[in-house]
Amino acid sequence: MRVALLMGGVSREREISLRSGERVKKALEKLGYEHTVFDVREDFLKKVDQLKSFDVVFNVLHGTFGEDGTLQAILDFLGIRYTGSDAFSSMICFDKLVTYRFLKGTVEIPDFVEIKEFMKTSPLGYPCVVKPRREGSSIGVFVCESDEEFQHALKEDLPRYGSVIVQKYIPGREMTVSILETEKGFEILPVLELRPKRRFYDYVAKYTKGETEFILPAPLNPSEERLVKEMALKAFVEAGCRGFGRVDGIFSDGRFYFLEINTVPGLTETSDLPASAKAGGIEFEELVEIILKSAFLKEGVRV
């Protein structure tokens with residue numbers, strides 16, 4: 001099997017993608033798969049036809065282009081098989097506003113509004129969360145407890161993104177649920193509870209060793225664990241996700257509040273999905289092989 005490994009990319013998550021890609025590359029080498037690395041940059045479209053000579057594309061491009069449905073649509077058009085969700089599901093999950101509207105009534109979502117212009121005070125009161133519609137790795141996310149912090153968040157995000165989501169802050173326990181697709185169906189890995197040393201699970205907390213305590217499995221009673229897993233899988237399936245992914249949310253007062261779906265989650269040494277896989281008895285090389293094989297679970301290319 002010939003594997004094209006796509007890493008890097010043009011988004012603000014480029015460095016994380018390179019870290020994920022290097023780790024996947026080493027795993028492919030250990031597994032004995034013939035592979036070629038593509039460090040995706042602005043000129044990638046000139047080279048995309050080269051991918052036709054490979055059996056499958058292993059996509060570890062985080063953020064815009066690689067995770068938002070753009071790459072997936074190109075690969076579908078060219079008839080190239082790839083890991084992860086299709087273009088439609090990727091688009092839905094990358095844009096949080098679209099995700100919330102699409103999943104409304106399916107899972108419980110904290111109150112939210114879209115803001116396109118500067119405001120002096122939060123329409124949802126405090127504390128609240130300000131975040132971009134289309135971004136990953138908690139880039140551009142602010143937890144605000146005052147007008148001053150809220151105004152600062154808008155001044156940072158509005159010029160860059162044009163519009164932002166303001167969401168009610170739910171105090172509780174941060175949970176992430178990783179899901180793999182195998183021949184037997186969807187496998188839900190052990191629920192991971194995140195206890196960041198910082199204010200919340202931001203970029204630094206995600207990718208710096210020692211900044212976040214991983215509790216695996218999350219200390220939940222059987223009914224709580226069942227609820228968290230059921231709600232996460234419900235969101236994943238409703239959004240049409242495939243292959244592998246991660247569902248993030250807040251567990252508070254016996255309820256699971258959905259926050260987002262990551263269709264190309266990080267695979268670095270500090271990432272959530274590999275940690276959950278290991279807790280479930282799946283070492284990293286096996287995880288990579290499961291993700292790779294999931295691309296072949298449907299005949300032809302996803303449509």
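In case you wondered, yes, glycine gets a Cβ from its N, Cα and C as well.
A quick note: this is a predicted structure, and the numbers were derived from the prediction, not measured.
What Swiss-Prot says about this protein:
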{"type": "DOMAIN", "residues": "99-293", "note": "domain 'ATP-grasp'"}
{"type": "BINDING", "residues": "125-176", "note": "ATP binding site"}
{"type": "BINDING", "residues": "ASP248, GLU260", "note": "Mg(2+) 1 binding site"}
{"type": "BINDING", "residues": "GLU260, ASN262", "note": "Mg(2+) 2 binding site"}
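Recorded features from Swiss-Prot, shown on the structure.
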{"residue": "GLY125", "record": "ATP binding site", "Cβ within 10 Å": "10"}
{"residue": "PRO132", "record": "ATP binding site", "Cβ within 10 Å": "20"}
{"residue": "ILE139", "record": "ATP binding site", "Cβ within 10 Å": "17"}
{"residue": "SER146", "record": "ATP binding site", "Cβ within 10 Å": "12"}
{"residue": "ALA153", "record": "ATP binding site", "Cβ within 10 Å": "22"}
{"residue": "ARG160", "record": "ATP binding site", "Cβ within 10 Å": "12"}
{"residue": "GLN167", "record": "ATP binding site", "Cβ within 10 Å": "22"}
{"residue": "GLU174", "record": "ATP binding site", "Cβ within 10 Å": "21"}
{"residue": "ASP248", "record": "Mg(2+) 1 binding site", "Cβ within 10 Å": "22"}
{"residue": "ASN262", "record": "Mg(2+) 2 binding site", "Cβ within 10 Å": "23"}
Cα-proximity to GLU174 (ATP binding site), 10 Å cut-off, over binding-site residues ASP248, GLU260, ASN262: ASP248
Cβ neighbours within the same chain of GLU260 (Mg(2+) 1 binding site) - under 8 Å, at least six residues apart: CYS93, LYS96, THR99, VAL247, ASP248
Pairwise CA distance, GLY125 (ATP binding site) versus ASN262 (Mg(2+) 2 binding site), rounded so that it is a whole Å: 28
ASN262 (Mg(2+) 2 binding site) versus PRO132 (ATP binding site) - Cα distance in angstrom: 15
Secondary structure of ARG160 (ATP binding site) (DSSP, helix/strand/coil): helix
Distance [Cα-Cα, Å, rounded] between GLN167 (ATP binding site) and ASN262 (Mg(2+) 2 binding site): 18
Integer Cα-Cα distance in angstrom, ILE139 (ATP binding site) to ASN262 (Mg(2+) 2 binding site): 14
Per-residue pLDDT averaged over the domain 'ATP-grasp' (99-293), given as an integer: 93
For GLU260 (Mg(2+) 1 binding site): DSSP state (helix, strand, coil): strand
Distance [Cα-Cα, Å, rounded] between ALA153 (ATP binding site) and ASN262 (Mg(2+) 2 binding site): 23
Inter-residue C-alpha distance, SER146 (ATP binding site) and ASN262 (Mg(2+) 2 binding site) (nearest angstrom): 29
Integer Å distance between the CA atoms belonging to ASN262 (Mg(2+) 2 binding site) and ARG160 (ATP binding site): 22
